[in-house]
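The structure appears right after this line, and notes come after that.
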Amino acid sequence: MPEGPSVRKFHHLVSPFVGQQVVKTGGSSKKLNPTSFQSLWLQDSQVHGKKLFLRFDPDEEAVSLGNSLLSEPLREGEQKDKARHHQEASDPSSWSPGGDSAVPSGDDGLQCLGGDTPAGGAERWLQVSFGLFGSIRVNEFSRAKKANKRGDWRDPVPRLVLHFSGSGFLAFYNCQMTWRFSSPVVSPASDILSEKFHRGQALEALGREQPICYTLLDQRYFSGLGNIIKNEALFRAGIHPLSPGSLLGLPRLEALVDHVVAFSADWLQGKFQGTRQHTQIYQKEQCPAGHQVVRESLGPPGGFQRLTWWCPQCQPRLSADEPKQLQPS
């Protein structure tokens, strides 16, 4: 799945089409009928963690009518969600990881109403969640780089193609799309690429007793962080992926957060400059020091297991009886 920097790049590609009308559609999507986008206007584009949100509206007269018909329960629900997320972002002490409102691990805290088709006149946002090789192409289609398992050189088929009034088009590949009938309500405090990323909230989450590699992938606290960033940040901080966060001193946790933010920002900058991000441990057989790298699938019991690379020498595992003050810095 594309991580935060990649989805930010997709958002950058889509932004020039905001304000244009869809004049032609295509694609293989079965869940969403591509023709349902015909004549809609792309009015806004937002990115939150690993998800992209696109707002589509009919003409202004229809939008005005739809907003006036929006039910009061829906409006009240949106206001409550916005108020709660604002409180969490401004006052981390009000946030409770064990409360009933907690979002399951792996969710990035988005609160929306969903469905397969847009309600007439209601505010409609298309939520785009990308698969492992998900992407967006502008004014071009993806071409096969190698033969498939059957030996065919077939080009990938886009899920959705939108041609706009400005003569350009967008092609969406390997993604899931769902209509949302209210604005995405999120807390930028959890977005690792946001200027409002809340380090204190992140450090509190990392200090748990569970293996630190589990916490890093929890989108409630590190929205946009994926497997590549996880592996690279842990290696650069010299932390074993299975080390419980509670055994790590604050300086090491702060260093880990620094590496998460720095690596993510460098990756994003490279995306815009067209350069490939350099990795030191991800998918490597040896670390930069020449040590043999271990690869293993790690994840919470009953949860999703992710391939993890680490160097046993550069990232020694901590024992429960090791005093924090004696841990390597």
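Placed from the backbone N, Cα and C atoms, the Cβ positions cover glycine too.
Listed features, source Swiss-Prot:
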{"type": "ACT_SITE", "residues": "PRO2", "note": "active site, schiff-base intermediate with DNA"}
{"type": "ACT_SITE", "residues": "GLU3", "note": "active site, proton donor"}
{"type": "ACT_SITE", "residues": "LYS50", "note": "active site, proton donor"}
{"type": "REGION", "residues": "68-116", "note": "region 'Disordered'"}
{"type": "MOD_RES", "residues": "SER68", "note": "phosphoserine"}
{"type": "COMPBIAS", "residues": "73-89", "note": "compositional bias 'Basic and acidic residues'"}
{"type": "BINDING", "residues": "ASN227", "note": "DNA binding site"}
{"type": "ZN_FING", "residues": "280-316", "note": "zinc finger"}
{"type": "ACT_SITE", "residues": "ARG306", "note": "active site, proton donor"}
Subject >> 10 Å Cα neighbourhood of ARG306 (active site, proton donor): matching recorded positions from PRO2, GLU3, LYS50, ASN227 >> reply: ASN227
Subject >> Under 8 Å by Cβ from PRO2 (active site, schiff-base intermediate with DNA), same chain, sequence gap 6 or more >> reply: PHE10, LYS50, PHE130, GLY134, SER135, GLY226
Original post:
For the zinc finger (280-316), what does DSSP give as the number of helix, strand and coil residues?
Top reply: 0 helix, 12 strand, 25 coil
**OP:** Provide, as an integer number of angstrom, the distance between the C-alpha atoms of ASN227 (DNA binding site) and GLU3 (active site, proton donor).
**Re:** 8
Subject >> Chain-internal residues, separated by at least six, CB under 8 A from GLU3 (active site, proton donor) >> reply: LYS50, GLY224, LEU225, GLY226, ASN227, ILE228, ILE229, SER264, TRP267
Original post:
When DSSP states are folded down to helix, strand and coil, where does ASN227 (DNA binding site) land?
Top reply: helix
Subject >> active-site residues compared (LYS50, ARG306) - highest count of Cβ atoms within 10 Å >> reply: LYS50
Subject >> Number of other Cβ atoms within 10 Å of the Cβ of the residue listed as 'DNA binding site' across all protein chains >> reply: 17
